[in-house]
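Participant: I grabbed these lines from TrEMBL:
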- 22-56: domain 'F-box' (DOMAIN)
- 1-21: region 'Disordered' (REGION)
Amino acid sequence: MAESSEPPSHRQKPTTGDDDRISHLPDVLLLQILSLLPTKQVVITGILSKRWRPLWPAVSVLDFDDESSPEFHHPGGLTGFAEFVYSVLLLHDAPAIERFRLRCANPNYSARDIATWLCHVARRRAERVELSLSLSRYVALPRCLFHCDTVSVMKLNGVFLNALASFSVSLPLLKVLHVGDRVLFGCHDYVVKLLAGCPALEDLVLESTYNDACGGVVCAEGNFQLDLKHLSSAKIGFSWKERCLKSMLLIFRALSNVRCLSLSTSTVACLKHASTSDIPVFDKLIQLEISFGNYSWDLLASLLQRSHKLEVLTIYKVC
């Protein structure tokens with residue numbers, strides 16, 4: 001076989017058009033691709049490519065994570081991260097925010113800045129809000145976040161919900177609410193108040209811890225009605241106090257429509273003070289997961305007697 005005498009440098013190379021096929025995709029597909037990336041990478045992509053440059057402000061997903069950005073960890077990095085978030089929010093021009101995720105591993109960010117960002121997100125008709133903060137002081141979430149008529153998913157961690165004492169909650173489209181184990185409530189009545197403002201709720205996770213150090217808040221006898229008829233799945237892991245049994249029972253009775261239920265040891269420890277008549281009938285429950293010690297067999301028996309369609313029972317024994 002004869003070898004080509006043409007020098008390697010003169011051989012034909014693929015054209016840019018053949019090599020960069022992604023850039024020739026329609027804008028709608030490029031926006032979907034960008035929405036899968038952290039916001040920092042989205043902005044960098046826009047800077048490096050003329051084709052992508054006008055697109056990044058229209059991406060409907062905003063994902064900020066200081067831990068994935070080493071440059072924000074050095075002295076002065078706090079200011080850099082805050083300025084980056086402010087700049088993106090200022091230039092962002094999508095019709096709505098499909099998803100807003102904020103993860104702050106550094107404990108020294110300004111609570112005022114975070115509240116400002118959240119109010120901006122609420123005004124931009126956000127659909128999903130996910131917060132995971134590790135601040136030296138818990139952030140009190142602003143009122144605007146709890147009066148957002150577009151949000152359908154809310155996941156919270158590292159925040160303080162004591163501000164619920166001063167305003168009502170109206171989240172008519174919220175279907176998924178996850179409250180992590182680093183969320184502080186000053187009073188269990190605030191949990192009831194939060195749930196009372198979420199009539200469309202389908203998926204609930206409560207892993208938060210009540211803390212008397214939150215300011216010595218005294219639980220008032222709130223006049224709340226809970227109607228969670230759309231709720232299908234609930235995981236309850238609160239560190240309940242016996243004196244707040246009334247609030248606990250109000251929530252527990254509102255879980256009667258769930259298909260999947262998980263109860264932590266601390267929740268069961270509070271429920272053991274309830275009477276048999278306080279346990280609702282779970283007409284739709286098919287899966288029950290429960291953790292308890294030696295003192296809770298009567299409660300388990302009551303739950304089983306009232307769960308006629310139960311198919312799966314998982315017991316975690318705590319000594």
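Using N, Cα and C of the backbone, Cβ positions are placed for all residues, glycine too.
TrEMBL does not curate its annotations; it predicts them automatically.
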Participant: Mean pLDDT, the domain 'F-box' (22-56)?
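Facilitator: Averaged over the domain 'F-box' (22-56), per-residue pLDDT gives 87.
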Participant: Under DSSP, the domain 'F-box' (22-56) has how many residues in helix, strand and coil?
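Facilitator: Counting residues by DSSP class gives 22 helix, 0 strand, 13 coil.
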